[in-house]
Structure formats: C-alpha cells, structure tokens
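Presented below is the structure to which this report refers.
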Amino acid sequence: MGGTSNRVEDLSHVVNLEPTLPTLDSNIPPFEIHKVPLPPNKTTFQSLKQRLSEVFFPDDPLHQFKGQTCFWKIVLAIQYLFPIFQWGPDYSLNLLKSDVISGLTIASLAIPQGISYAKLANLPPIIGLYSSFVPPLVYAILGSSRDLAVGPVSIASLVMGSMLREMVSPSTDPVLYLKLAFTSTFFAGVFQASLGLLRLGFIVDFLSKPTLIGFMSGAAIIVSLQQLKGLLGIVHFTTKMGLIPVMISAVKREHEWAWQTILMGLCFLAFLLIARHISLRNPKLFWVSAAAPLTSVVLSTFIVFIFKAQAHGIQIIGHLQKGLNPPSVNMLLFSGPYLALAVKTGLITGILSLTEGIAVGRTFASLKNYQVDGNKEMMAIGLMNMAGSCTSCYVTTGSFSRSAVNYNAGSRTAVSNIVMASTVLVTLLFLMPLFHYTPSVILAAIIITAVFGLIDFGALVRLWRVDKLDFLACLSALVGVLFLSVSTGLSIAVGVSLFKILMHVTRPNTVILGNVPGTASYRDMGQYREAQRVPALLIIRVESPIYFANSTYLHERILRWVREEEDRAKAMKENSIKCIVLDMAAVTSIDTSGMEALLELKKILEKRSIQLVMANPVGGVTEKLHRSKAIETLGSNCLYMTVGEAVASVSSEFKEQV
C-alpha cells in the first residue's frame, strides 16, 4: 500500500465533512443522515417489460405511433418499413441532380471493383457486376442511410473465397463452388435479417474495434500478396492464404514471371496510388481517385487491343456474358455434405459485412447529422442479400470507399444507389464486349489499391500507448490472419474479444477511496494523490455489478484489501480497521450469488470486529437486498445515501465509544 501515510489526523474533522444544510435554525446538526428509500413498487410483469424494453428497444422505435389515428399509424408503419416512402414525397429536381452526379461517380468505381472483387472471391467476374445491380435497388427501398453505397467488398469477398476454397476447388468444380457461394449469401442474409427483426444487433458488437483493425489489416496484406499472381503474370499459384505459402509460391514460380505484365501492372498501380494520394491530400479532388479505376480499365484495355498484348503473355478477362442477372433460386443448396460449410461461411461473411455496413452508414450519418437505425439497416442488408442470392449475386454490403466517394460527390438520398444500379444495368446490357480485352493485371492493381487503406499500422502504435490489452487483441488477429488463415484469424479475433469481456466481467476493478481535503468528496487515492485516509475506516469502491461470475473474486479481493490495510496500519502504528465502507454507486445490479457473498463477507468481518456498511446503492440493488431479507442480516443501519454520510455516521459512533 506504500510507506507514506495519507490520513485525516483529526477524527472530529471527518464528522464535519458533510456540508451543512442552508437553514435559519442553529440547532440543526452539522450533518444529516438520509434514509435510502426503496424504488416504487412494480409488478413482475412491469419489471420484466421494462427490462426487455431496455435490452431490445433502447431507442423506443414505436414512440412515433403514440397518439396517432389508425390511418396515420398505417402510414407511419409503411414509412418505417420502407424509408423510401418517408423521403420520397418530398423529393425534388435539385435532389435528383445531386444524386445523379454521385450515382454516376460511384458507378465508375463500382464497375471495375465489382469485377475485381468477384475474382477475389474466386467467382466469375460477371457475378461482381450482377452484385452491383440488384442489391443496391433493394437497399434503396429498405435502407435508412442516405450515403451508403452498396456492392461487393474486399473483406467479405476474401473470406468467402478462402473458406469455400478450403473444401471445393473453383477451377475443378466451378458449378458446385458457385452454388455454395449463392447458398452462403442466402444464409448470410437470413442471419442479418434475423438479427434486425429480433433486435439482436448487440451481438455484432462482440467484434471490438481493435480486433477488427488487426483482422482487416492482416486480411488486406494477404489480399495484396495474393495479387502477385496477376501482378507478376503467374499461371500456377498457391491456393493457400497464409503469408509464408504465398511468398514461397511467388518465389518458386519465378520462371512464370512475365516482364510485360509486371511493367503494365507497376505502371497502373503507381497511377492508382498517386490518384488515391491526391484525393486524400485534397478531399475536393475526390473524383480523381474515383475515376482512376475505370480510367485504368479503359486505358489498359485499349493498349491490349491495339498492341495484341494477349499474344505476348498478358492475360485477359475474356468473354463476359451480356444480359440481366439470371435467376439462381434453383442453385441454392439446402441439403447435402456441403450445407454446413455454406452455413458457416454465410454466418462469418454475414457478421463481417454487417459490421462494415453499419459502421460505414453511421459514420457518414454523423457527418450529416441524421440518424441511422441499426436494426433497420440489418434487415435491409439481410433482405438485399437474400434477394441477391436468388438473382446470381454474392454477399454485399455498404462499401467504405464507394460510400466516401458517394458522400464527397454530394449524394442527398438513396437514389444515388438507383442511379448506380441503372448504370450497371446499361453496362450489363450493352457494354460487356468492351471488357473482353481487359488485362487481369489491372484487376490485381485495383484490388491492391482498394485494400491498401485497410492496413493501419498507426493504429497498432496508438493502441500500444492507450491500452495494452487492446493492442494484444489487435496483434493476435493480425498474426492469426497472416500466418494461419483468414478464418482462423477471425476466430482468434472473436476469441480475444470474448476473453477481454470475461476479464472485465470476472475481474472487476476495486479501488481505495480517500477524502479530498476541504471537500466532502471521496476519490480514488491512486488517482488523487492529495486524498487522505480516514482513521479506522477502509472505503472501497466496487466498479462493477456483483453477480455469480465475480462474487467470489470480489469477496477475496476485499478481504485482501483489509489484510493489506491492516498490515500498513500496523507498520505505521495507526488505528486498526473498525469499519469497511463499500461505495456501491457503480454496482448497477446484484444477484443472489452477490448477496450471498456480501453476507459471507459480513460474517467474516464480524469475527474480526469490523463493521460493514454500504453507501449509495442504486434502486435495483436496494430493492433486491430488501426482498431477499439480506438487509435484515446486514443490519437496517448499513445503508447510507453517500460515502460522506457513512463516514460521518460511523466516525461519530466511534467517537462516542471512545
């Protein structure tokens, strides 16, 4: 506890710590002990209703229906389920102009990214364009974000591709692989929509920000290294996703490197990175980065076509089918040996895409000062993935890069998604032959540029400075992805997040409080060096609910505080401990195990002639102590409204005894 003694020397000074009440009566004592009241009595149904409401309906989504007529309730219900009917009636020509500009801008980015990300998921490139057509239309009707640009994203594409490829080869059995991709997308949508319908969105929050940073950084590095196949012109490349196998494969296949492919890839990669840098340095030039991918596709395609580069070792995309999305309901698998793989892939990609989509939507909503309903977003993203799985699309969500472009281009409503989808539709119907000569190396360069921003080593440094446990979680996810596999890295990320939660739950913080001289405040002595101990009292603040998971730990930790304080008092030749004051302000709840721990603690302390009192218990804790009759064992005078009143009352008792 330290060798120096910070203590209040005069006991009478403690008695006068509580400020006097403003009154004209000079006979009022210098402090007044207030009774801790019970909260208003509630029935079991009322208590359960309030608890469930706080868990599942913290935002009170039905408040807008109160006091409305039956007709308006129906109108509000339609607007709640379909946000497009909420802002649609007020839509104007000026809004349309802004949305058309932003929609065309993100379409120029979505088309090359859609083709690239489909390749990343080991799917035919046309699937990426299909996924940029139907899902944005569904989201425009159901989504509540004005800025979210919907389509395939790199992380979900990578995870789906790596998980499915572990059991099914996309080259030897492409039809089965495609069926599993659509089925995984369907289950991802079912999972996402279910979370929104049942209002269980807090499950997604188990993926903490540090673990996501580590996972996404590791995945971005692996994605970039996987593009060495296209960037170097390698034909036979490893299907493994670990850092070491990828690097070994790139070195061993040195004889397959094509200098023409390398030259073209490096030139366009430099062009894309410079364009990205220009947009980052000057946000007003966002269009430079947005237009760079499509410009690269057009220029590289033109170069290949003019110089017949495909005859000199540069691989091209080849034929892409024209026309609208073909139906894929008949390709969904709901039985067979691969069903478990599809469900597992759907759950993981569903969580990742949902986390990214909601985070992106809330980020841009905060910039424009409007609200995004998380549960409605889950339902919108889930339903669009379910619809997409039936129309030859794979998992989609809100993309950060495209949403940033959409925001900077001046989008006003979700109509920008409709404009983007319409542009993709025109491409599907009329422009597909133009992509025949597009070199594969350009897709690799586009993917590298897109995921480059996900690598955030600066965040590792910040986490190390702020929270070592968060740093460990981030590093574990990063190392797991790099050296094991993407799915293993994600499992490690979730495991570390859960471990962190368990650490906080089972090992809550407790601190010793002291009086700040000249005030009635009692603060952590480790933080407030001027805080002084109160003679014969040990004031402990418990900073957590007390329940079965931590009651034994708190029981043992408090006894350890008592032992350490007694040893310190003996060494300093001070008064021994006469009373323990538990500050319960941060104890938001208590269960039967917690109450049993308090009763057991009181018995042990009584044997050592030490009193136990509690200060500032919240209503729920007070109610349970009374209902369980624990208050009778603890003593009717064991509860105080503040720590100051507890100290003053107990100190005055000691003074009278002396």
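Backbone N, Cα and C define each Cβ position, glycine as well.
TrEMBL has this to say about the protein:
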| type | residues | note |
| --- | --- | --- |
| DOMAIN | 527-650 | domain 'STAS' |
| TRANSMEM | 125-142 | transmembrane segment |
| TRANSMEM | 176-200 | transmembrane segment |
| TRANSMEM | 212-237 | transmembrane segment |
| TRANSMEM | 257-279 | transmembrane segment |
| TRANSMEM | 285-307 | transmembrane segment |
| TRANSMEM | 414-435 | transmembrane segment |
| TRANSMEM | 441-464 | transmembrane segment |
| TRANSMEM | 471-499 | transmembrane segment |
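Most Cβ pairs under 8 Å with the transmembrane segment (125-142) belong to 414-435, among the candidate stretches 176-200, 212-237, 414-435, 441-464, 471-499.
Against the transmembrane segment (257-279), stretch 285-307 shows more Cβ pairs under 8 Å than any other of 212-237, 285-307, 414-435, 441-464, 471-499. Here the transmembrane segment (212-237) has long-range neighbours at 120, 154-155, 158-159, 243, 246-247, 249-250, 253, 256-258, 260-262, 265-266, 269, 313-315, 355, 440-441, 443-445, 447-448, 451-452, 454-457, 459-460, 463, 473-482, 486, 489-490, 493, meaning same-chain residues at least 6 beyond its ends whose C-beta is under 8 angstroms from one of its own. Taken as a whole, the domain 'STAS' (527-650) shows an average pLDDT of 90 in this prediction. Note: the domain 'STAS' (527-650) comprises 60 helix, 22 strand, 42 coil (DSSP; helix = H, G, I, strand = E, B).
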